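The structure appears below as structure tokens.
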Amino acid sequence: MLEIGKVERYIHEKLKKEKLHFVLLDPDDVSPETAGKIAEMSEAIGVDAIMVGGSTGAEGEVLDSVVRAIKESSSLPVILFPGSHGGISRYADAIFFMSLLNSRNPFFITGSQALGAFTVKRYGIEPIPMAYLIIEPGETVGWVGDAKPIPRHKPKIAAAYALAGQYLGMRLVYLEAGSGAPQPVPPEMIALVRKVIDVPLIVGGGIRTKEQARRAVEAGADIIVTGTAVEKAGSIEKARKKLEELNSGVKI
């Protein structure tokens, strides 16, 4: 029988009490040492999990060394956020096993997933099925994933895809504006998606300020993902201040 894994249970239990904040680290952009420091800092500030991955598909020792450094520096769950089937590390706690539902290319809907499935099973990583939706502008992930980005002013399209994802068995829905996007996902879109689905809703991309994080949470996001704003802070101390600011917007 299928059983929900430890990390997914952790997410659901925490969501009964508060909204969650996940920090995304891209192994292409951060060294293992920096990743470890950010993870340690994140745990002290009250972040709930660390996601590791990126659009350009860091893999192998580059990925493994970052995951190991995070595991050695904090007790937060480490969840893989792979750009392809190569983005799997045996050292992670879980993987967002996601389908890019609005891709034009079936490889990103089911093909890459099929290629990675046995690796996930062999490593014993907890898979968490997730519907992944790219919202305009989409940035690098939209280009790499050959997505047809959902227009920002068409929340009903996002809601239809999100509900389809839930009905297909996905246990999370992620609305993604793209790392470093000039604007985050519109609150109106978040609100409509939240209204029609019953599974947790993740929102990421373009969230740089406490106010933007708060607006997303107030609109209905259950989990906020930040990354670029922290990675590009310029120093560890600046990263700490940015993390504290963003976290205060989520934990309202």
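Cβ coordinates come from backbone N, Cα and C, glycine included.
According to Swiss-Prot, the protein carries these features:
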BINDING   Asp26, Ser55  Mg(2+) binding site
BINDING   Tyr174, Leu175, Glu176, Ala177, Gly178, Ser179, Gly180, Gly205, Gly206, Gly227, Thr228  sn-glycerol 1-phosphate binding site
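Annotated features taken from Swiss-Prot, shown on the structure.
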| residue | record | DSSP class |
| --- | --- | --- |
| Asp26 | Mg(2+) binding site | coil |
| Tyr174 | sn-glycerol 1-phosphate binding site | strand |
| Gly180 | sn-glycerol 1-phosphate binding site | coil |
| Gly206 | sn-glycerol 1-phosphate binding site | coil |
| Thr228 | sn-glycerol 1-phosphate binding site | helix |
When you measure from the Cβ of Gly180 (sn-glycerol 1-phosphate binding site), how many other Cβ atoms are you left with inside 10 Å?
-> 16
What binding-site residues among Tyr174, Glu176, Gly178, Gly180, Gly206 are found with a C-alpha within 10 angstroms of that of Asp26 (Mg(2+) binding site)?
-> none
Give me the non-local Cβ neighbours of Gly178 (sn-glycerol 1-phosphate binding site): same chain, 6+ apart in sequence, Cβ-Cβ under 8 Å, ordered along the sequence.
-> Ile134, Ile135, Pro137, Gly138, Glu139, Thr140, Val141, Gly142, Gly205, Gly206
What number of additional C-beta atoms lies within 10 angstroms of the C-beta atom of Asp26 (Mg(2+) binding site)?
-> 21
Thr228 (sn-glycerol 1-phosphate binding site), Cβ-centred 10 Å count of other Cβ atoms over all protein chains shown, is 20
